[in-house]
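Asker: From Swiss-Prot, for reference:
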BINDING   GLY12, ARG73, PHE74, GLY103, ASP104, GLY105, SER106  ATP binding site
BINDING   22-26, 55-60, ARG156, 187-189, LYS213, 215-217  ADP binding site
BINDING   ASP104  Mg(2+) binding site
BINDING   THR127, ILE128, ASP129, ARG164, MET171, GLY172, ARG173, GLU224, ARG245, HIS251, ILE252, GLN253, ARG254  substrate binding site
ACT_SITE  ASP129  active site, proton acceptor
Amino acid sequence: MVKKIGVLTSGGDAPGMNAAIRGVVRAALSAGLDVFGIEDGYLGLYENRMKKLDRYSVSDMINRGGTFLGSARFPEFRDPEVRKVALKNMHERGIDGLVVIGGDGSYAGADLLTKEGGIHCVGLPGTIDNDVAGTDYTIGFFTALETVVEAIDRLRDTSSSHQRISIVEVMGRYCGDLTLAAAIAGGCEFIAIPEVEFKRDDLVAEIKAGIAKGKKHAIVAITEKLDDIDSLAKYIEKETGRETRGTVLGHIQRGGAPVAYDRILASRMGSYAVDLLLQDHDYKKGGFCVGVQNEKMVHELISVCIAPENKKSKFKEDWYDTAKKLF
């Protein structure tokens with residue numbers, strides 16, 4: 001059984017990460033474990049920037065956005081020699097367990113620490129993209145969804161006033177879950193996501209069909225990287241004759257106080273991660289990751305969830321069908 005654990009946040013920040021850290025710390029202390037907070041993710045692990053945490057270290061954190069431990073992208077961690085330094089830093093402090101909060105890249109780093117150094121690692125899915133396998137939802141997704149929907153509501157006000165077409169670019173990388181959910185909740189007329197082949201002419205045809213039905217304005221929700229928003233706006237305006245403007249929401253989607261569901265999810269996952277570390281699991285095959293499925297906490301080997309065939313969360317086809325019916 002582990003006696004000392006570390007906790008870090010890695011990759012892009014997500015609302016609810018602080019709540020997850022709090023869940024880990026409070027649950028670990030209740031079990032009599034020592035807890036070290038590692039600053040700036042794997043970079044801090046490599047640079048030996050760790051501090052012992054107590055109950056008061058995480059007071060008033062459940063409602064705060066971002067991550068008070070800090071986060072950083074550290075591609076150098078792929079180097080085995082860099083990982084050896086990180087492992088040495090943990091071994092010298094007697095840390096034998098680690099909770100990593102982040103996406104699939106963060107999971108991969110945790111799995112290597114388990115396989116190469118015997119550290120019992122558990123990953124928690126912290127990303128607004130909802131693109132991690134093994135879980136229905138990730139920490140931060142629902143808060144980002146609220147942010148996007150609020151922006152869509154505001155854009156609808158001005159779009160309807162000017163009978164304009166508005167394009168909203170939503171984060172998500174190669175996963176359209178955030179765009180899809182926001183399109184349904186925001187009543188968007190059109191949607192473009194990575195899971196469905198995107199063609200400009202098809203989108204224009206749909207918009208023209210809407211105009212023919214009497215639509216005076218429209219909101220198009222599109223996942224980042226599918227197209228250049230400014231160029232797409234000009235193309236739509238040229239083809240339809242309707243004024244069209246693009247809005248990139250950007251990093252505002254990552255900020256803000258986490259909504260209640262994210263706080264609950266993060267707290268449950270943090271506590272469950274400690275339970276896993278206290279149980280007599282076999283870590284010879286690698287670390288584990290935590291998820292929520294049908295509102296129940298579950299876990300799986302990290303290697304299974306980051307395998308190429310499982311790396312991305314499943315496409316919510318029923319959500320897409322619903323969205324299309326409501327356009």
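Glycine is treated like the rest: Cβ placed from N, Cα and C.
Keep in mind the model is a prediction, meaning the values are calculated, not measured.
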Asker: Can you grab the distance from SER106 (ATP binding site) over to THR127 (substrate binding site)? Cα atoms, rounded to a whole Å.
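Answerer: If we compare the Cα positions of SER106 (ATP binding site) and THR127 (substrate binding site), the gap is 11 Å.
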Asker: Considering only the binding-site residues GLY12, VAL25, SER59, PHE74, which residue has the minimal Cα-Cα separation from ARG245 (substrate binding site)?
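Answerer: Nearest candidate: GLY12.
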Asker: What is the separation, in Å, between the Cα atoms of ARG173 (substrate binding site) and ASP104 (ATP binding site)?
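Answerer: Counting only the Cα atoms, the answer is 13 Å.
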Asker: Between the Cα atoms of VAL25 (ADP binding site) and ASP104 (ATP binding site), what distance do you get, rounded to the nearest Å?
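Answerer: That comes out at 22 Å between the alpha carbons.
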Asker: Measuring Cα to Cα, how many Å separate ARG254 (substrate binding site) from GLY103 (ATP binding site)?
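Answerer: Just about 14 Å between their Cα atoms.
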Asker: Measuring Cα to Cα, how many angstrom lie between HIS217 (ADP binding site) and MET171 (substrate binding site)?
Answerer: 23
Asker: Write down the Cα-Cα distance for SER59 (ADP binding site) and THR127 (substrate binding site), rounded and given in Å.
Answerer: 23
Asker: Which site among TYR56, PHE74 has the most other CB atoms no more than 10 Å from its CB, taking these as binding-site residues?
Answerer: PHE74
Asker: Name the secondary structure element type, per DSSP in three states, that contains VAL25 (ADP binding site).
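Answerer: In three-state terms, VAL25 (ADP binding site) counts as helix.
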